[in-house]
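Before any comments, here is the structure.
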Amino acid sequence: MDLWNLSWFLFLDALLVISGLATPENFDVDGGMDQDIFDINEGLGLDLFEGDIRLDRAQIRNSIIGEKYRWPHTIPYVLEDSLEMNAKGVILNAFERYRLKTCIDFKPWAGETNYISVFKGSGCWSSVGNRRVGKQELSIGANCDRIATVQHEFLHALGFWHEQSRSDRDDYVRIMWDRILSGREHNFNTYSDDISDSLNVPYDYTSVMHYSKTAFQNGTEPTIVTRISDFEDVIGQRMDFSDSDLLKLNQLYNCSSSLSFMDSCSFELENVCGMIQSSGDNADWQRVSQVPRGPESDHSNMGQCQGSGFFMHFDSSSVNVGATAVLESRTLYPKRGFQCLQFYLYNSGSESDQLNIYIREYSADNVDGNLTLVEEIKEIPTGSWQLYHVTLKVTKKFRVVFEGRKGSGASLGGLSIDDINLSETRCPHHIWHIRNFTQFIGSPNGTLYSPPFYSSKGYAFQIYLNLAHVTNAGIYFHLISGANDDQLQWPCPWQQATMTLLDQNPDIRQRMSNQRSITTDPFMTTDNGNYFWDRPSKVGTVALFSNGTQFRRGGGYGTSAFITHERLKSRDFIKGDDVYILLTVEDISHLNSTQIQLTPAPSVQDLCSKTTCKNDGVCTVRDGKAECRCQSGEDWWYMGERCEKRGSTRDTIVIAVSSTVAVFALMLIITLVSVYCTRKKYRERMSSNRPNLTPQNQHAF
């Protein structure tokens with residue numbers, strides 16, 4: 001059965017579905033509280049260093065600066081059985097964020113000496129840096145299963161302290177010591193540059209590693225006050241990496257590119273990101289900043305930046321039916337075998353105008369490339385930019401091809417595209433587009449239900465967004481009665497729903513989208529003994545679609561603290577008064593299996609136990625023997641068996657000059673001696689060849 005073409009779904013044309021009947025009871029996984037990492041740990045009675053850092057004795061007074069505390073670019077991990085199922089899925093999603101924005105990768109442990117063991121401990125915590133202890137623990141406990149929390153804890157493991165502990169902290173924030181819980185004042189200490197390196201990156205209020213303003217408070221007043229008041233509600237964000245987080249991480253690990261990112265283009269530069277026009281079409285895509293019939297501005301800047309804001313436009317009003325304009329991306333080289341193409345489309349022409357997405361894939365047998373149609377898009381003109389995702393499965397060198405095709409209908413405008421992003425990630429399964437969004441924030445009418453969607457397994461579902469609260473927006477996932485219910489397993493087992501409020505930044509690497517995941521537990525029961533995720537026709541309440549069709553909706557599962565209204569109005573969550581919520585529901589039942597446990601490789605620590613490397617040298621094993629790998633900089637280095645000797649460019653120059661002078665002096669001496677000996681020998685030879693004039697000969701004359 002084609003899940004996307006079910007008969008009862010076709011006539012649901014409304015984007016917002018608001019039930020006129022009673023809302024079923026929602027289960028709030030956060031208990032109505034917006035708890036940060038430190039609130040969770042404090043509530044558990046944990047007294048960890050800086051709230052979520054586990055220290056060993058050797059680390060208490062030692063720096064983590066130095067290569068020996070770095071992990072390899074591919075980090076081995078184990079997801080322990082103690083982890084909740086939802087946490088396992090969230091951790092894997094967090095790894096995808098690392099791959100998209102950095103060169104850091106993660107792989108299941110295969111016997112490597114050092115690896116990260118992720119388990120459900122008490123609270124959320126990690127050590128800082130690679131402790132080289134073999135199994136290094138990282139806890140994702142109850143209520144820690146948020147993607148940015150996982151990113152935060154893994155940044156600790158990668159070698160990062162909290163942002164507000166850097167040495168220049170007091171230039172940017174004020175610590176209100178009298179408002180801090182007694183005995184927790186040490187969590188606000190700062191550390192010198194020889195303990196924690198800021199990597200020459202400015203102080204970052206937006207860092208995912210920064211405390212919130214309420215951290216360790218003994219009342220209701222903030223413990224941290226930003227010296228620039230605009231950042232008061234910015235610090236402590238738990239959405240995603242900030243730009244500076246990424247800058248520091250990529251510097252620390254010498255990342256020159258990220259793993260799964262492929263391309264991004266907002267057409268701000270005249271070279272249009274290396275895209276090329278086809279010579280075999282009838283028209284061209286034009287780089288413009290506005291079109292009389294729309295759009296009036298690009299999507300990147302929405303007309304807010306004078307002198308910038310461009311997009312590509314195919315004018316279908318000036319060509320004949322069937323005419324095409326073809327724009328091809330630069331050549332791209334895939335590594336993973338799956339990609340997601342994302343872009344915005346504006347149709348100001350006819351609803352019969354069409355955008356076709358092709359892939360031109362190259363091979364040794366076909367150097368011109370094989371053209372394959374991937375997606376045909378026909379859109380009713382709506383007067384706004386529309387977001388699209390297209391799934392690709394390319395394994396060879398390729399180009400993405402955008403073909404605009406003139407339809408049979410009358411056109412006064414054409415097709416426009418902007419903000420293209422391509423990455424080797426999975427596309428979301430569905431997009432919930434909410435127009436005229438700001439009217440719902442804090443309004444009694446701000447309770448919205450999405451259209452019905454289907455998961456890849458065939459489960460029907462809806463999303464409930466509650467914007468009516470004064471300070472926070474809530475989001476909940478509901479199963480609803482659907483066409484496949486007779487063929488599905490009930491209670492619904494281990495389906496993870498990921499709901500992402502999209503940050504519409506033009507570059508996917510700079511987005512800080514807000515994401516929350518929940519997982520259906522088939523064993524979860526309600527107070528009356530029913531299974532929470534049982535068939536909606538059995539446990540749900542009656543509801544109505546906007547066209548009057550009756551269905552049943554199961555209980556909601558989510559959070560009332562999805563995002564604050566203040567954060568919702570920040571960044572590019574709302575753009576052109578449009579909001580996009582990306583939805584993915586996937587089966588994660590395979591994560592129930594125990595990860596294969598292997599025998600650890602021979603310990604490097606054992607082989608290096610009798611080898612002491614000086615000057616931050618790192619002991620490594622080569623050909624079964626321990627040796628020191630010495631530190632080096634741009635103009636200095638350590639050398640010797642134990643890195644005990646220091647060398648520098650200056651020393652080398654001095655040695656080179658001294659050697660040159662010595663050689664010159666030696667050659668001069670040799671030359672002078674040679675000249676002296678030659679002259680002496682010449683005089684002796686001349687003396688022996690001179691005639692012997694005696695007195696007798698003189699008398700002969």
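Heads up, residue numbers simply count up from 1 along the chain you see.
Placed from the backbone N, Cα and C atoms, the Cβ positions cover glycine too.
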Matching range for Swiss-Prot feature annotation, region 'Required for proteolytic processing', among 426-438, 478-490, 595-607:
595-607
Disulphide partner cysteine [Swiss-Prot] for Cys103, chosen from Cys144, Cys255, Cys265:
Cys255
Annotation phosphothreonine in Swiss-Prot: match it to one of Thr23, Thr694, please.
Thr694
Per Swiss-Prot, the candidate from Asn218, Asn692 carrying the annotation N-linked glycosylation site:
Asn218
Of the recorded positions listed here (Arg238, Asn370, Asn421, Asn547), which is spatially closest to Asn592 (N-linked glycosylation site) when Cα positions are compared?
Arg238
Between the glycosylation sites Asn218, Asn436, Asn445, which lies closest to Thr594 (O-linked glycosylation site), Cα to Cα?
Asn218
Distance check, please: Cα of Asn445 (N-linked glycosylation site) against Cα of Asn436 (N-linked glycosylation site), rounded to an integer number of angstrom.
13
Could you state the CA-to-CA distance between Asn254 (N-linked glycosylation site) and Asn370 (N-linked glycosylation site) to the nearest Å?
37
Pick out which of the glycosylation sites Asn218, Asn254, Ser593 has the most other Cβ atoms within 10 Å of its own Cβ.
Asn218
Neighbour count, 10 Å Cβ-Cβ cut-off, for Thr594 (O-linked glycosylation site): what number do you get?
9
Nearest recorded site to Asn218 (N-linked glycosylation site) by CA-CA distance, among recorded positions Arg238, Asn370, Asn421, Asn547, Ser593:
Arg238
Nearest-integer angstrom distance between the alpha carbons (Cα) of Asn436 (N-linked glycosylation site) and Arg238 (site 'Mediates preference for acidic residues at subsite P1''):
26
